[in-house]
Amino acid sequence: MAELEPADLTAVAIQVAEQAAQHVRTRRPEVFGSGVTKTDAPQSVSTKSTDTDPVTIVDTESESLVRGLLASLRPGDAVLGEEEGGSVEVPSGVRWVIDPIDGTVNFLYGIPAYSVSVGAQVNGRTVAGAVVDVVRGTTYSATRGEGAYSDDGSGPVRLRTNPIDKVGLALVATGFGYGSARRRVQGELISALLPHIRDVRRIGSAALDLCMVASGAVDAHFEHGLSPWDWAAGSLIAEEAGAVVTIPDATSRSAAGNVTLAMAPGIADELGGLLARLGALEPIPD
Ligand code: IPD
Ligand code: CA
């Protein structure tokens, strides 16, 4: 199929991510109950890279739904997804990079911070993307060169990073991998960083962390070992809101341990320098 304008790809990303988010919203109470007490449904949960890396039946359903919608809306485009995979090579033409639930641990426990992320890449570079905060019902989206927006149902709002200029006041989101060796190094890094910043947040969905940099809900985000489905859409949303963004190569996967970093521009030099001195710009392989 001929390549569309990036804005057309954004419209597809929004449509697909919102439909998948609606499915995830509907299915959570069906599978895990709707009360405040965590309900186990062992038959609906298995694990992946480690015993603490879960995948639920709803992750699988959401990815199937996204793939089905993309096959009908954009037949012939390549797809890379967290659960069903895809080619490591970057294809020519459009590749959709999807995370059917980003924040699966939160989804499992009933913590209201999980999302569906759909990005469109051309030559490994994201040109369009949407992230839907499932519980809030907010859609974040961006088209390369055309800005980033959020929409909670009342119309699009242009996103801008915070006008912060002091690292000492920065609220920094981060996340930790599923393997214990990397987590030890990540923990040491946080203990070295913490005295220099306002505080840290570990939200539990990297895609939402990046959208929160865009909306000003945090001032920066960094994490080692993200895969393209975690950062594809969110990094563009952060960048289009004005963030200074560093992402791994599109062929890089979690095991390589490369850093993803998004910072409000007023603290980018100072925070980037601090992270470099702490060794935080180096990979933390698994
Ligand atoms: C995870 C989340 C989390 C991050 C992990 C990711 P998943 O994705 O984005 O915030 O810290 O590294 O793997 O497993 O919930 O799709
Ligand atoms: Ca993810």
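Keep in mind that glycine also has a Cβ here, set from the backbone N, Cα and C atoms.
Binding site for Mg(2+) per TrEMBL: Glu82, Asp99, Ile101, Asp102, plus Asp230 from the candidate set Asp209, Asp219, Asp230.
Sequence-distant neighbours of Asp102 (Mg(2+) binding site) (same chain, 6+ residues apart, CB-CB distance under 8 A): Tyr114, Ser115, Val116, Ser117, Val131, Ser205, Ala206, Ala207, Leu208, Trp229, Asp230.
Within its own chain, Ile101 (Mg(2+) binding site) has Val24, Thr56, Val58, Asp59, Ser62, Phe107, Tyr114, Ser115, Val116, Val134 as residues 6 or more apart in sequence whose C-beta sits under 8 angstroms from its own.
In the three-state DSSP classification, Asp230 (Mg(2+) binding site) falls within a helix. Every protein chain shown contributes to the tally, and the Cβ of Asp230 (Mg(2+) binding site) ends up with 26 other Cβ atoms within 10 Å. Between the listed binding-site residues, namely Glu82, Asp99, the fewest other CB atoms within 10 angstroms of a CB are found at Glu82.
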